[in-house]
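Worksheet for the structure shown next.
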């Protein structure tokens, strides 16, 4: 990101404020038609991308080179030109592109791919170019992958005319609810949300065994469900929690691993679940609260695993809690609780997520202003503080919107071509054939592909890719859309801690000055139950609160027991070190308890109970993953 001064700094600030005002106006006052809303939104974003993000990392950081000025101007013109031809496109959607249309369409595709490269790397540009080649020369491909060649007019008409190409669903999400949610998250952060979440963690778990590690879990989970970014979450909370954990006695590797897994899980934690859940609601056409309800138990299992692992490691390494609890003023609670309460109120009343985020943002600003006025008893100071908060959060919110739109606009090109060429259907057939119709083997294939697709990508981008190419395959196997998409989303999140490209681990390791390979190993071991849970809720809908009371209660109880046994295996400790043979037995029993069959679960419960009591009596030394 460039650090600009002078003229260009004023330009960026002016564009940021205009973008925020545009999003607030179109949310709270008047929403434009789809193509106009999305084209204006993309014009703002692409202009800011080419001004703020250099073509090469580490180059041109203090000025905007001439070619980026041209890129910004051309991208803005390419987007706003759509506004001028909007009526023609609406009334004659099948009309062939004019010469001017073709020029702007080609330029916009190139510029969107370049903006995506600057935002998240080469993934989407490479995929976009590959699928363009596939679309133009489909007849050259062998067997099931062959298709009729598409003409230049056909491909670029699908991109530029209508809402199936660049102006499609992904950009629509960016231009409406995700932009508003980015503003909401920036306001919460700007009014002290991250610090308050850490204080809440200190109040709840600070004095417990391993208190600093548990504080990290609570703070990162709360902030992560709002930020929607594992990397952003690590940066926001890790700068506080990692040094605190190291002072308490955690090793560098464990401090980084705890922060990485805590930050990653926030994106699957209801009620907000970051940006990916909003995209899922749009893709499968279900109410957002339905997704939050289905994700509740898996999220509880994830964080139970984190808490228990931290507790056992803290017991093993004799890490005590923190002596003092911080004081949290009433206003600090209210600045978080009132906006979140408003957001949930609007969702429960059936309003859109976008409208809920809009009024929650207004609520956050008003609450902070009232609290500041009551505290300082000075209208002048209050006005100055509010101006500063609103301006700085506008800049932060814009950065969030730019990053998100860079991902989604790039992914939209790939998704459009996947749909146009029928590639998604063909990949679904391939996965089914590889698994020979066996659901478990197909799930294994899908898990591996999803993790590979997500390597190096933010969770939202990883989920969008997985949802476009993997979810249809799972649905074709008879899995309902909701669990299929949750399965993909879960592993899209876990890709952030899965080597060899594990972005959350990289960031946490840098903050802790730890070896990332060791941090990745610990993260995967501690998160082992999380890698198993998605298979469980595919086979057992009771974990998504779908079933009879007995099924739900029995499913949750056995899953909780299974997660606890797996954590004992992973940490190798329960009051004393556990030997390797007993750890392997605990792992086997834990997996049996996660299998959605009553009799197998009962066998696992019996064997696990015997193993647990054996561990209670065992006084032998075992190998642990202590640093």
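Counting starts with 1 at the first residue shown.
Yeah, the Cβs are placed from backbone N, Cα and C, and that goes for glycine too.
Residue ranges 268-289, 378-399, 400-421 are listed, and TrEMBL annotates 268-289 among them as transmembrane segment. Contact between the transmembrane segment (488-508) and the transmembrane segment (268-289) holds: at least three of their C-beta pairs are under 8 Å, each pair 6 or more apart in sequence. In this model, the domain 'TRAP C4-dicarboxylate transport system permease DctM subunit' (107-549) carries an average pLDDT of 84.
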